[in-house]
Amino acid sequence: MPEPVKKTVSAFTKKPKTTEVTAGNTAVFEAETEKSGIKVKWQRAGTEITESEKYVIKTEGNKHSLTINNVGKEDDVTYAVIAGSSKVKFELKIKEPEKSETVTPAEAVPAPAASESPAPPAESSQNTEVSSAETQPEEPLDPIGLFVARPQDGEVTVGGNITFTAKVAGESLLKKPSVKWFKGKWMDLGSKVGQHLQLHDSYDRNTKVYTFEMEIIEANMTFAGGYRCEVSTKDKFDSSNFSLTVNEAPVSGDLDIRAAFRRTTEGHDDGAEFNFSSLLKKSMNPNCYKQSLVSIEDQHSETLIPFCRGEGKSESQSDVDVWDILRKAPPTEYEKIAFQYGITDLRGMLKRLKRIKKEEKKSTAFLKKLDPAYQVDKGQKIKLMVEVANPDADVKWLKNGQEIQVSGRYIFEAVGNKRILTINHCSLADDAAYECVVGDEKSFTELFVKEPPILITHPLEDQMVMVGERVEFECEVSEEGATVKWEKDGIELTREETFKYRFKKDGKKQYLIINESTKEDSGHYTVKTNGGVSVAELIVQEKKLEVYQSIADLTVKARDQAVFKCEVSDENVKGIWLKNGKEVIPDERIKISHIGRIHKLIIEDVTPEDEADYSFIPQGFAYNLSAKLQFLEVKIDFVPREEPPKIHLDCLGQSPDTIVVVAGNKLRLDVPVSGDPTPTVIWQKVNKRNDLLRNSDDSMTPSENSSDLNTDNKLLFESEGRVRVEMHEDHCVFIIEGAEKEDEGVYRVILKNPVGEDKADITVKVIDVPDPPEAPTISNIGEDYCTVQWQPPKYDGGQPVLGYILERKKKKSYRWMRLNFDLLKELTYEAKRMIEGVVYEMRIYAVNSIGMSRPSPASQPFMPIAPPSEPTHFTVEDVSDSTVSLKWRPPERIGAGGLDGYMVEYCKDGSTEWIPALPGLTERTSALIKDLVTGDKLYFRVKAVNLAGESGAATIKEPVTVQEILQRPKFWLPRHLRQTLVKKVGETINIVIPFQGKPRPKITWLKDGQTLDSKDVGIRNSNTDTILFIRKAELHHSGAYEVTLQIENMSDKVAITIQIIDKPGPPQNIKLVDVWGFNAALEWTPPQDDGNAQILGYTVQKADKKTMEWYTVFDHYRRTNCIVSDLIMGNEYFFRVFSENLCGLSETAATTKNPAHIQKTGTTYKPPCYKEHDFSEAPKFTHPLVNRSVIAGYNTTLSCAVRGIPKPKIFWFKNKMDLSGDAKYRMFSKQGVLTLEIRKPTPFDGGIYTCKAVNECGEAEIECRLDVRGNRLILWITPTRQ
C-alpha cells in the first residue's frame, strides 16, 4: 500500500517555469497557491530576494509574481519560490541580442567532405571529430525522438582516432537517460572499453543537454562497419545508425606479415585470434591487389616462390631462402611464414622440413620453463615460476610483447634459481600471453582469467497488490543478459499458453511480470542464478476501500462557496458526484477535483437552487457518501436607530461556543451582528494573555460617535494574514487559513457602540491525525512469525485512536508492505508468513477519524529463525570402565540458522543436575565421553544448537552403567562367504567379516594351517570387523582360510574357501582317426591345465584348406571325440578344438597336423591340354579422376577405376609428393575401383593429386585438381605442362 505521508501534495497549483529572455528586457515569473494568504518567499541562487527597483514582488489573493527588470548576464542563475514546505526551482536564461552583421561566405560554407577531395596523407590529421552539433548547422529538435544531435558517419585512416557524438535533450527528463553503443546488430560496446575504445558523457546545466561520446583510438581495418546508438528513458526510446569507414595507411616499405598475426589483448575484450581479414586486405606488392598463391617447388634451389596474377615473381622476395627462415623459426611461426610466402602444401612443407632441420638444442638458460597455460579466477592471485641455469641471471617478463614494470599488482621475486612473477587481483585485462626472457631464450605461456559466478546485486522486494492488478518483480544481476531461473513456492515457472507469466531482460535487470493477479498468485517467488538466490513474497488481497474522512453537511449563505470533501484509502479510485440522485456536471461555477486520496466538489456563488442532497460514489465499490447542503437566507428586518449591538451566533444552526476544525483546513466563521450606529468589532484570544489578535485601531473607545465608526469601517477591520477578520455591513468573518494546533483556544468577540456593548466567547478546537507511535518492539521470534508490541501515540490528535496499521519490509529493501487491512484495536499483533533467515523491520501507523499518522520509527532489525529439531537415533555405541561412546543423527529440520554444533550432557541417576560432557560444542554426530567413574549410572542427552538457541533434547531413556561388559567373541559370517568364493585371476579380493567381542579380541588368520605372508596379503582389523585384502588375485591364493577370535579362554573361528580360476589350456593329443564319405572322426584328451576349474566342454571348428576360414561345428561339446559330417567332396579340411571352463575358452586350440581329404567317387576326368593364353595387360584407367571443389573440415574422396594384369600396384601423389606414409590419407582398392580419402581437408590440402598404376607390363597415371574452400578464399593457378 502506498504510504500516505510520502504523497506530499504541493502547495502550488501553478508553478513558475524556466524562461529565456533577451538581455535588457523584463522577466516575469508567476505562481499560484492552493490557498490565499500563504506567505511566499522568492530566492535567487539560494538567497532570499528583497523587493527593490530591479526585483518587484506582488501578491493578489492566491496569485504571486516576481518581476526582474533590465535583466543581464549576471541574472542567468537558478531561482526558487517557497510556500510552506513546498519549493519549486526554475531558471532564467539570458540570450544575447541578435547582431545585425551577416556571416561572411568563408565562415558560412562548410568544409568539403573527405570523400570529395581527400587530403594528402602527410597533411591529414590522425584525430577526427564526428559531431553533428559541430559540423552542421543546428538541427531542429526532434518532436518524436530524444536526440538533439545524432552521431554522423565518419571516416578515419588506420592508426587514427575518431569521436562520435550524440546529444539528448534533458529538459523534460526526470533522470539521466540510458545510452548504449552497438557495433553491427548485437555487439554491445559497453563491455569493450579499453585501450582502443572510450565512452564519455557530460551534462550542460545551462542548455540542459546530455552529451554522449564514443572515442575510437588507433583504429584498424576491423573497426569499419555499421554502428548504432540507442537512448532510452522510462517511457521513450530512440536509436540512430551511423557507419565508420577506415582507409588503409599508405604503403611505405616491406609488409610486416607478423602484424596480422600478433595477439592483441590490450583490454579484456580482445581475444588471442589471428586477424586474417586485415591480412588479406594488405598486398605484398602495392600494384598486386589480387594475389593468387601458388606452391611451386624448384627442384634445384628448393625455394618456394609466390606469384601474383599478371606478374612473374615478386622482386622483393625473389632471393629469399624460405627454408633457411623455417629452420631458424619456432614451430609456432610455421603457419605465418607459409602464409606470407604463399606455401599452400603445408603438410609437404612440414615433411621436407623434418628431413632437413637439425635437432633442436636443449635449452641452456632454463632448467624448467613455464607451463603452456595457466588458469585463475578473477580477483585471485597467481604465480608464474621458472628455474634458470645461472642463479645470477637477469630475467625480463613480457605481457603481449611489452615489458612488465614492477607495481602493486606485479611483483618480481628471485629465490636461488627460481624466478617468480606474482600477479595480484587478476582482472580480465590480465588474460594475455606472457614471456620470460633470459638472454636470447624465451619461455612462453598463456594466462586465462575465469569469469566469476553471476551474483544478484539487487534482490527482489516483497509486494502486496489487489486482485487484478499488475505485478512486476525486479532484480539486478552482475552480468548483462544472464540466464536466471524463476520459481514460485519451489516450482519452476514457464511461459504457459495463457501467457500468465512474462519474463523480461533489460541489461542487468531481470523482470517477472504477472499481468492480472489472482488470489492463487500469492506465495514466495524465487530467482536463482549460479551464484545466488533471492526470495520475495507476493500478497494478493481482495479490493477493499476505507473512508478516512466522509463528506459533512454544509450551511452556507448566498454567493458564498460550498466545499464537499472526502478522503478514501486508495488514491487511484475515481468516483462520481450526485445531486438528488443525478450526476453533477462540472461547469464554470461547479468544479470537481481529485488529488491523491482527496475528492472535492466545489460550488461557487451558492444559490437557493443548489440546496439538495449530495452524494459521492467511488467507482467499483458499494459505497455512498452523502451530505446535505442547506441554503441560509439572511432576512434583514427594519432596525430602529439607537439599537444596542447584538451578536447573533445562534443563526448558524450549531453550538455557538465550540467550533471544530481539521488541522490544515480553512476555518471561516460568519458572525452576524446588528446595532445602530454600526458597532466596533474587537476580537481577542483570551487564553493567551488576552492579547488582541485583530484590532487595527487600539485608540478607538466606545465613547466615539457613530459617524466616526461608519467612516472608518473598512480601515478598522481590514487585515491580512493567516488569521484575520473581515468586516461587512451586517456581519464579520473570522478566518483561519490552514488551521494549526496553536490556533486552538477561546476567542472573544466584543461589539461596542454608543448604545451598549455585547460579547461572546467562541471555542475553536483543532483536531489532527495522531502523532506517530514510538518504535515497536519485537518478541517471541519463531521460524516464520514474531510478536509485535507498541504503545499508543502521545497525542491522539484530539480524536480517539480507532486502530493501528502495521507494515514490514526487508532490511535491504525500500518497499514497505502493509500487513493488515482491518484496523488493529489491540497493542500487540502476531506477524506471520515471513521467510526464515531474512532480516525484517516493522513500523506502525495510528489512525483516528481524521486520518493516518506519520509512520513510527522502524523497529530494531530482526531475523525470523527457529532452533533446529532434536537430534535423532540417539544411542549408546560402546561402554568401557571409564568411557561411554555415543552416536546420533542430525536433526530432521535444521532451518536457515544452520547448525553450530551439538551439546552433550550427562546426569547421575537420582540427580537433576546436567553436567556438560564435552568442552563447548561438537560438530560431529558422535562423542566419546572420557574420565567417567567406574560403576556410575548416568543418563545422557544431546541438543542441537544454532543462532536461535537450543533444540529439544534427545535423551537415553535408561541409565547407562559405566562398566566394561564382557562379550563372548563371535563371528557374523556373511551369507556369500559360507560357500566357496570364486574369483578370476587379476581380480581384487576384499573380504569383510564383522564380529563381536569385548574387550577387543585377538585376531589370527591362517591359510592351509600356515601364517599369511603380509607382503602378499593385506590384513586390517578394527573393533567390529576384520578385512582380508588381495589387490591382484593369482592361482596360488586359492585355498582354505581360517580366522580365529581369542578373548582370554574364549574363542571363535570360521573357515573360508577361496578358489582362483583362470582360462584352461588347450586339449592334448588331437588326432584324425578316420575319414569316410563326407565324414571325419576326431578324438583328443583333456587339457593338462584346467585353470583350477572344471572343464565345462569343448568347441570344435573346421577350416577349408583353400580359405582357412574357421567355422564352429560343435559348441559346449562334453565328449573327447566327435564325428564331423556334411563335408564337401573334393575339399581338404583342418580341425581344431578349444577347451572351456567358467573363465571361458582357452587362449589357444589344439589343431590337426594333417588335413582330411574328402575323396571324389566315380570316373576320373582328364582335361584336354590347351596352350596357355597370356592375359598380361599394361595398366589402363577406365574411369578418370574428376576435378573437385570441397569445403574445409569435411572428409572427401577422389575415385577412379583401373584395370591391368597382373594386378597393378597403386601410388598416390599430391603435387608430385608421395602420400603413402601420411596418416591423413587412406587408400582403398576394391575390384579395380581406387579411392583416396582425405580426412578433414584444410585449404593447404588443395592441389594436384595424381594416381599412378604400375605392373610388369607398364604404367599409367591420371591426375585431377582439388580446391578446398575455407574461411578465406585462395585462388589456385595450375601451371601448364611443357
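Placed from the backbone N, Cα and C atoms, the Cβ positions cover glycine too.
The compositional bias 'Low complexity' annotation in TrEMBL covers 102-125.
The compositional bias 'Polar residues' feature in TrEMBL is assigned to 126-135.
As annotated by TrEMBL, domain 'Ig-like' applies to 137-245 (among others). On the 0 to 100 pLDDT scale, the domain 'Ig-like' (137-245) averages 83 in the predicted structure.
Within the domain 'Ig-like' (361-438), the DSSP-based counts of helix, strand and coil residues read 3 helix, 40 strand, 35 coil. The domain 'Ig-like' feature in TrEMBL is assigned to 361-438 (among others).
Among the features that TrEMBL reports, domain 'Ig-like' is placed at 452-546 (among others).
What TrEMBL lists as domain 'Ig-like' is 645-763 (among others).
The domain 'Fibronectin type-III' annotation in TrEMBL covers 772-868 (among others).
The domain 'Fibronectin type-III' feature in TrEMBL is assigned to 870-965 (among others). Secondary structure by DSSP for the domain 'Fibronectin type-III' (870-965): 0 helix, 45 strand, 51 coil.
What TrEMBL lists as domain 'Ig-like' is 969-1057 (among others).
The feature domain 'Fibronectin type-III' is assigned by TrEMBL to 1066-1161 (among others).
Taking DSSP states H, G and I as helix and E and B as strand, the domain 'Ig-like' (1179-1263) has 3 helix, 54 strand, 28 coil. Under the heading domain 'Ig-like', TrEMBL lists 1179-1263 (among others).
Annotated region 'Disordered' per TrEMBL: 97-145, in sequence order.
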What DSSP reports for the domain 'Ig-like' (137-245) is 6 helix, 57 strand, 46 coil
Sequence gap of 6 or more, Cβ distance under 8 Å, 3 or more pairs: do the domain 'Fibronectin type-III' (1066-1161) and the domain 'Ig-like' (1179-1263) meet that? no
Taking DSSP H, G, I as helix and E, B as strand, the domain 'Ig-like' (452-546) contains 3 helix, 49 strand, 43 coil
Per DSSP, what is the residue tally for the domain 'Fibronectin type-III' (772-868) in helix, strand and coil? 0 helix, 35 strand, 62 coil
Reported in the order helix, strand, coil, what are the DSSP residue counts of the domain 'Ig-like' (969-1057)? 6 helix, 52 strand, 31 coil
